[in-house]
Structures are given as C-alpha cells and as structure tokens.
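Colleague: Sharing the features that Swiss-Prot gives for it:
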type     : residues                                         : note
ACT_SITE : 364                                              : active site, proton acceptor
BINDING  : 251, 252, 253, 254, 255, 256, 257, 258, 259, 273 : ATP binding site
DOMAIN   : 61-121                                           : domain 'SH3'
DOMAIN   : 127-224                                          : domain 'SH2'
DOMAIN   : 245-498                                          : domain 'Protein kinase'
LIPID    : 2                                                : N-myristoyl glycine
LIPID    : 3                                                : S-palmitoyl cysteine
LIPID    : 5                                                : S-palmitoyl cysteine
MOD_RES  : 102                                              : phosphoserine
MOD_RES  : 162                                              : phosphoserine
MOD_RES  : 192                                              : phosphotyrosine
MOD_RES  : 194                                              : phosphoserine
MOD_RES  : 394                                              : phosphotyrosine
MOD_RES  : 505                                              : phosphotyrosine
REGION   : 2-72                                             : region 'Interactions with CD4 and CD8'
C-alpha cells in the first residue's frame, strides 16, 4: 500500500485504518485501480464528539417532518394514532410527547417521540442507529435474535460526521464477536471502507456488502434486530388509582413485598411492587418516590407511577428476564461467558456512577436488585427504598432480613450508609456475577461473617474469577471507606476490562 508520502505495506481497513501522518490521507494499496482525488483538504477529521443516549433530541427538527417507525394506537385523550411509514409534521417538540399533525389524515394530537424518526434522513433505516456507542453496538448485536452477519451502522464516537459499520461474526477462538469497520468520507460526499471501492451513499455501501463480503469478515445478512419501543409514560399519571392496574403474574417476593407483572389501563405492560402493609410510612414513601422519579438513566429501572394508599404500589418498567441473581442460574445465564459477565458488571457500575454523581445512595445493592432485559441489558432497581423500611427484622443488625453478607462493616456496626458502603456491596455483587448467583461467603452464617470481617477476613477469589477482577473486589473491600474507589473509577476499569477481553482488531484478508 502507499500514499504520496510512504509505501508502507499494510492492508488493514478495520476501524484502526492507517492514515498518513504527513498528508493525512488514507494509505491506498499500490495495486489499486481506484483514482482518489488529489489531496485538496480532504484529510480525515478527528475532533472528539460525545453523544447522548436514547433521549428526545434537544434541538428542534429542521423541517419538522418525521416518519413513523412503528404503528401507534392512541391510549390517552389527545393522542394521535398513526401507521408505520406515515409522515407527520411536528407542531410542538417538548419532553417525550410531541404534538404533531398527520399528513395523511390532517388530524392533530400527541405522539410518543421514540416511535418516529426524522424524515429525509438515515434515521428511518432499520440498519442505522444514531446515538449508539461501540460498546452498546456490541451488546445489541450479541443479544438474542441476532445471528452471524447481523449488522448496524452508527455514528462514529471519535470522528464527527463519520460512521462505523458493526458486524456480528464467528471467531474460532472467541466464539461470537462483533467487528467494527470505519466508514470514511470523501470530499464529494461519498463513502468507503476500503479505498478499492467507493459509494455515493450509505445505502449503496450496504447493498454492496450484502451481496458480497468483498474483504469484510462476512457478508451483511440483516439489520440488528430491535423490539418495538415502550411508549413513554404519560407525565400527568404519577399518583394513579389502584383500579388502573391489573396484576397478572406473580414474579416473586422480596424483602419489601411481592412483585407482579401487570398492565396499566389494560395496555401498558409494567412491573408492580406491592409493599407489605406497615413496612413504611406512605408520606415518607411519597417524598422519597418524588426524588427517585427524577433519577432517570439508561442503567436505572424507570419509575413510572405510584399508588400511595396502603398497600403501596410502585409501578416501574417491566424487565423480561427478572432479577440478575435468578437469571444467572437459568440455562441462558449459565451459558454466559466471562466477557458477558464482565459486561453486566460494567453496566451496573455505569448506573451506580450516575447515582454517585447525583449524591444519592442505594443502600441495598446486590444481584437480587438488578433486573435483566430480554436483550441482557442490566438495570438497577430499588434504589433508596431500604432507608424507608420500618421493619426491625430488616433494619436491625441481628434482624433475619438484614443483608449482612452484602453490607459494609461500618453500616453493620454503626448504621453508616454512604456511597462508599455501596461500593463495598458492589464488590460482593461482583462475586455473585462470576459465580452465577452463588450466595456470598459460602458456608458461613451471618454472625460468622461479622466476626471474620472484624478480624480482617475477606472472601477468597472465586473459581474462574480473573485475578484483575479479584483485585477490583479487594479495592471495594478496603476497611476505611475513603480508601475504596469511586463508581466512576470502577466503571472505567470494567469498561476497559471488557474492551480488552474482546480482543484487538484483526487485519482484513
């Protein structure tokens, strides 16, 4: 290969493509027949750019036209129904419900923001994922429902205005993996992965690599599968009547009460936590719930609504695979390799880093309070509830329900709960993850755990636990709370750990 400045023989057109340091132009194969434009300011742009998650866009749509990605049946007064593919004009863009007019019927009403995409753009394409990180692309493509050759195109995290192609592949050594290719821009508006062949648009690029791998790891088969999104909760529906909820299936019972799968107003699938009567003050609960509903993050279970008359109901988003501690023991959970387990730990650390940033405390962090979606996304539940419990069996150190094995020594001995006691609990949670749901301190009673901790004992490294991960656990279990790491640090280490275990890019054949 060569450019105007060198003839270094290399052929790697993956995301770490070589660009000449002097002319800033891609190093083109010497035997290539393609004639790229003469250097005239076409260097690859490299400013860093950050992207938000799947939230409503902050800036107004330029032409106010959107296209429906899914059909929507109205469920509230003032809603506007529409069919998939229908075009609408946005009249007011605020929050998660936008006022719109159908160009088909002329009717006006409110629509859920996540059911539509900007018209005359890439956003309606099933293979285009606008605000998706590299790591989340891997999570989505490796989720159930996707297969060899499943793919997506996303905005580049490192280069503004550029895109990356992510493809699911099978590796003989690593099993199912995701490989990433940088899509480069031409001055004339075209695109290329390898300069041997360029395309006027991304549609042409997708069409070409669907018909032939042409140097990629595999042919593109079908776009990454996603489920129809849950419509946003209606903002005014916070304190709701009990009659609006139908409890369908009892999912389990925990320290606070029972958990049910149910439906709100007959159409929205939700999880309902029914708290035991007398377990907490309704007034104290409502005050805390108003704080909890402000904590919105992709790694936190979304709190939708409450019933404030006893028995208190907490209505949240429904997570198909239930609690992490139970899921890890299922056939699907047992099959998860250490890479995926570490990814789950990284997701939880990400959510706890947000709680840390908000100066909030969980107080009961363990695998039983982590929920798992159908795409194996992990979300933190029950944050803040432990503080409100008025049951002595739960709050007293000797209480039968007190989670001794997850609780930091200062919280056991003095009732001192801080974000640093949450860090201790996170270290215990890591042992649950790598052992597929084993109870911590196997073979020990709660009093024995307390006695051993006072003597400086720490849990031994579980079987199959990487040394680096055990080192992270030991940092979480430092005696002095101030010596324990932050969740932001834990998140960064686990993110790097996850990336490192995925393996480096391989040269394209």
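Each Cβ is built from the backbone N, Cα and C atoms, and glycine gets one as well.
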Colleague: What three-state secondary structure does DSSP assign to residue 194 (phosphoserine)?
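Modeller: Its secondary structure by DSSP: coil.
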Colleague: Applying a 10 Å Cβ distance cut-off over all chains shown, what neighbour count does residue 251 (ATP binding site) have?
Modeller: 19
Colleague: Looking at the recorded positions 102, 162, 192, 194, 364, whose Cα is closest in space to that of residue 259 (ATP binding site)?
Modeller: 364
Colleague: For the C-alpha pair, I'd like the distance in angstrom between residue 162 (phosphoserine) and residue 364 (active site, proton acceptor), rounded off.
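Modeller: So the alpha carbons of residue 162 (phosphoserine) and residue 364 (active site, proton acceptor) sit roughly 42 Å from each other.
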Colleague: Mind tallying the domain 'SH2' (127-224) by DSSP state, helix then strand then coil?
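Modeller: The breakdown for the domain 'SH2' (127-224) reads 18 helix, 31 strand, 49 coil.
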Colleague: Nearest to residue 251 (ATP binding site) by Cα distance: which of the recorded positions 102, 192, 194, 364 is it?
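Modeller: Nearest listed residue in space: 364.
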Colleague: Just name the most isolated of the modified residues 162, 194, going by other Cβ atoms within 10 Å of its Cβ.
Modeller: 162
Colleague: Using only C-alpha positions, which one of 253, 257, 364 is spatially nearest residue 192 (phosphotyrosine)? These are the recorded positions in the record.
Modeller: 364
Colleague: Mind telling me which of the binding-site residues 253, 259 has the densest Cβ neighbourhood, counting other Cβ atoms within 10 Å?
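Modeller: Selected residue: 259.
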Colleague: If you measure from the Cα of residue 253 (ATP binding site), which of the recorded positions 102, 194, 364 is the nearest?
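Modeller: Going through 102, 194, 364 one by one, the closest to residue 253 (ATP binding site) is 364.
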Colleague: Could you round the CA separation between residue 257 (ATP binding site) and the residue listed as 'active site, proton acceptor' to a whole angstrom and send it over?
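Modeller: About 15 Å separates the two Cα atoms.
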Colleague: Tell me the Cα distance separating residue 102 (phosphoserine) from residue 364 (active site, proton acceptor), rounded to the nearest angstrom.
Modeller: 47
